[in-house]
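See below for the structure under consideration.
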Amino acid sequence: CASSAECVDRGGVVMNNVSAVGSDWERAMMESALTARDRVGVQDFVLLENHTSEVAFIENLRKRFKENLIYTYIGSVLVSVNPYKDLEIYTKQHMERYRGVNFYEVSPHIYAVSDNAYRSMRSEKRDQCILISGESGAGKTEASKKVLQYYAVTCPASEHVQTVKDRLLQSNPVLEAFGNAKTLRNDNSSRFGKYMDVQFDFKGAPVGGHILNYLLEKSRVVHQSHGERNFHIFYQLIEGAEDELLRRLGLERMAQQYQYLVKVRERELCVCVCVLQGSCPKVSSINDRSDWKVVRKALSVIGFSDDEVEELLSIIASVLHLGNVQYSGEDSGSSYITTDTQIKYIARLMSPLNQEQASSARDALSKAIYGRTFTWLVNKINTSLAFKDKFNSKNASVIGLLDIYGFEVFQNNSFEQFCINYCNEKLQQLFIELTLKSEQEEYEAEGITWEPVQYFNNKIICDLVEEKFKGIISILDEECLRPGDASDITFLVKLEDTVGGHAHFVTHKLADGKTRKVMGREEFRLLHYAGEVNYNVNGFLDKNNDLLFRNLKEVMCSSENRILTQCFSREELTDKKLPETTATQFKNSLAKLMEILMSKDPSYVRCIKPNDAKQAGRFEEVLVRHQVKYLGLMENLRVRRAGFAYRRRYEVFLQRYKSLCPDTWPSWDGRLVDGVSTLVKHLGYKPEEYKLGRTKIFIRFPKTLFATEEALEERKHSLATKLQASWKGYNQKTKYRKLRLSAVQVQAWWKGILARRRAQRRRQAVDTIRRFIKGFMFRHHPRCPENEYFLDYVRYTFLMKLHRALPKTVLDKSWPTPPPALTEASELLRKLCMQNLVWKYCKTISPEWKHQLEQKVVASEVFKDKKDNYPQSVPKLFVGTRLDGDDINPKVLQALGTEKMKYAVPVTKYDRKGFKARARQLLLTASSAIIVEEAKLKQRIDYSALKGVSVSSLSDGLFVLHVTCEDNKQKGDAVLQSDHVIETLTKVAICADKINNININQSSIKFTLGQGKEGIIDFTSGSELLVAKAKNGHLSVTAPRLNSR
């Protein structure tokens, strides 16, 4: 179901003469969602207390305009006042605010009209159209762009749809560049009429479009009024194009150099003769260079190739070059070209003509080239926008958008203004038929009594212009085609003779004295619905004929420019049929446009310009009153306050609201009128609130409709709940049945898999057990198929056990016992493991610790299990020296000279006579061991003279340094005692490289006393250490035994 906005009739909200209380209620209802600013004035003219007063109408417009509230409703007709400034009301957030919302729930906006038309198209499956009208400068073009932007942002999108959206939007700057120009009233005036159909698929996404163009003002190409400009594209090309492109086109960046950009109408030359032809190439509100970039990008988006763009711009440049072709007359009456241009062939084409004829032919060619190129451009855009899906194109819904020139009244009005104002008369007639006259006729057809509203029917003016044989267009065509000397003056005379008695037609000849003062003899006046307009007949016949010399057409057909060859067909050269005149073509195209618009549900946007100076915030009441009059807004308001707000056919009304009544839900089988009557009685409608016609129901007050809509919205929730419950129940039951069937199938399949897996595991287990037992039985046999599984299992088990119990340190000597088959492999693995542990350990030790270990290794090799006090030395670290520099006499150090001392330790020396104990110091250098007594070097033993070292196996600290007898310097062997005997002897062994020359004796040691004499040291075990000379002359050493070996 659509929202209540979709239920409001396209003709508008019609209200009767409701009471003040009713109006207040409506105002509160329809403006409840608005901000305080929106309450300045009323947002719908239907709510005006004095709805018949034009003063009240304009005052409401003024109030809202001053507060930047430029939009106001008359029912569903939108009145828009041009603010002449940018307003922050066109953002994406604003678009979302109006998207899918009831027409009256938010403040008036062009987006509300756009959304209402879109939702009506979607819900009612009927084509829509939005008619935007108003005079030049009222903001019609901007309004149409806002509508397209709204659809581009809010409609569903896909990759293809996004392309169509982009092309729809980008067609605007292209058509504006080639079809818009600055006029006295508007800096961006559309100089052609445009009707665009936007096609939507079943999803509501824009999928295509089509554009119809009407009556391009080609005369603007060759001359403009003072203060106006040619079409935008000429200035954009000159100002914005790259230098290389201008060079290829032969153009210069100076608009004043081109006659077509500075040329004014001949009639104005007498007024502006001192001005540079009255042109204005630069306008403060227009940035041609920036617009050029926009147009170039738009052409690419639409699908123009680089070659097509180049050829298109070449045509534009050729028109400028044609304008600079100048002629001079000869005595014979013919003309010749005086300017040096690249198109000298024109001299041959126009040589039979006099100067005036040649200039006219040149201008005709320029207008024809530009006009046909513009038509080609529109067709090219249509090809780009075409809906490619032929199968679904017939089912596509359409929203039409009409943006056509507004009513124009200038100081000098010619053929173009005549056609433009005729078009506006037709549109006004359509508006009358669809919104005013159709309202009354519908009430009368339905048998509903109401108070008739008087309105001005402009059909009499349309007939004056278009009636066959007697209308102005028919008379103009007849004068153009008749033989003889037909001229604009003869056309005027013919008008006076034929339609001179018409109440809406006046000429200088037929006017009274007062009117003659303001009318020229070459003018006629039409009394349009919008006011009086004087038309100058000069140029009417030429513009209506729009003829082009045959030889010029031949040249265009032979052009190398592919666009021109499409614009000028060779069939024209052989076609003997007279072409339709411009006015007839325009009349026929307008008739087709009216048929298109009549086939659609219309929405209206009435544009008003607040002042002629294009100034923001300025509201000229006289100008606005004139527009309110010719737009027929007061008549529209009177109709909407005279009757019923809502009307619908019985079947539509019943189909929409039948769910609100138990008797009509879910279906009604009787007559439609009885069903509607039953429904409204159930809803509690009062007799004055509605009427039942022959085929429709009419509801007087919007509040009645809104209350019904609210009831429907509440009903939707309960209906939706029931539908959801039913659907969910059905859906869940269906889903359950599928799940149950699937579960049974999956269970059967899975149970089969599980059973097969269990059987397979049992078979594998039996095979494994069988092979294991057989292998155990053949375990002592050589490897064979019977025992290979068992042997592999045993090996695997050992390796896994070894993996879990590998030693972690070098001191850990544990190792699993291997099976017999892996004894050799186990030993190799043990060695590899130990090597790896040692390697890892060695990687972590420091150089100092390495040196310490090396000494300990030497000590271990020499003393382990040989000397009692060795175990006590193992945990003690060997030091670098036992004597500091302060402990050694400086004279000794001086005597050593450069010899570096490696180790020093205090010792006790037992002399050779009586074995008296003497305190001495033992110094080790790189080459010798030195025994020092205070400041004297008592004995130096070179390592080369050291035969060996003897020590006992007990815990004493005595040791003997044996020297060679041949060394005369030596007095004999040295008997020494050290408290650090293990450390001292290890140092001696390393320094002297005598590791293998250390002897450990069990009971006694013999040593040389000198001069061939020998001494003996006897060692015995005791409770404490005693060193003394025995009675036998030996040195007796008693030492406690600390370790049993």
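Every residue, even glycine, has its Cβ placed from backbone N, Cα and C.
Any TrEMBL annotation is an automated prediction that lacks curation.
Some features that TrEMBL has for this protein:
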- 41-713: domain 'Myosin motor' (DOMAIN)
- Gly134, Glu135, Ser136, Gly137, Ala138, Gly139, Lys140, Thr141: ATP binding site (BINDING)
- 590-612: region 'Actin-binding' (REGION)
- 867-1041: domain 'TH1' (DOMAIN)
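Per-residue pLDDT, averaged along the domain 'Myosin motor' (41-713), amounts to 85 for this model. Every protein chain considered, the tally of other Cβ atoms within 10 Å of the Cβ of Thr141 (ATP binding site) stands at 22. Each residue in Asn82, Asn186, Ser189, Gly406, Cys607, Lys609 lies on the same chain as Gly134, Glu135, Ser136, Gly137, Ala138, Gly139, Lys140, Thr141 and has a C-beta within 8 Å of the C-beta centroid of that ATP site, without being one of the site residues. The Cβ neighbour count for Gly134 (ATP binding site), using a 10 Å radius and every protein chain shown, is 25.
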